[in-house]
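K.L.:
Taken from TrEMBL, the feature transmembrane segment covers 6-26, 82-100, 106-126, 133-153.
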Amino acid sequence: MDYLLYSFYVLPCLLGGLFLSIYDFLARSVPRWAVLSAVSIQLIWFYVFLGVTAVRTASVFILIACGTQFVLFLIARGGLGLGDVTALAVSVLFFVPTGLRSWVLLIIWWLLMSAVLLLQIMFLLLRKRKTSIACVPTQFFCALLTIALYFFAYN
């Protein structure tokens, strides 16, 4: 699949993720209306351009990713915000058009995102600063990086 065509398939996700990343970076909060809007528009976009199978796949990805993240949210109170959990639904939609490689890419993305967040936390601890981390920009950046690596490796 051509990278430009792929970008078209996930255009609402790109725009929504960019908005959420900037908003989270500046305000340290994630508006749920923006997450719901981005996910809804992206699901309609998938339905129009890729069909009902893409919508089903996207729904499964959202349930699994957000469900796992929600369990982590419940375990580590204060470590994650609920906005970070809901914003994950936007980032996970990047992987739907990749077909059968989606599951592998999701695992790579999750590991990459965890490593980057761990480095951010270690940096804050070394500097002895008590401040919050904007998690959504990291989610978004790691999703874009994973997709870019996928296209570099397979095309």
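Placed from the backbone N, Cα and C atoms, the Cβ positions cover glycine too.
Because TrEMBL annotations are produced automatically, they should be read as predictions rather than curated entries.
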K.L.:
Are there at least 3 C-beta pairs under 8 angstroms linking the transmembrane segment (106-126) and the transmembrane segment (6-26), leaving out pairs fewer than 6 apart in sequence?
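P.N.:
They do not touch: fewer than three Cβ pairs between the two stretches lie under 8 Å.
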K.L.:
The transmembrane segment (133-153): which same-chain residues, six or more beyond its ends, come within Cβ distance under 8 Å?
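P.N.:
For the transmembrane segment (133-153), the far contacts come to 3, 6, 17-18, 20-25, 28, 30, 80-81, 83-84, 87-88, 90-92, 94-95, 98, 101, 105, 108-109, 112-113, 116-117, 120-121, 124.
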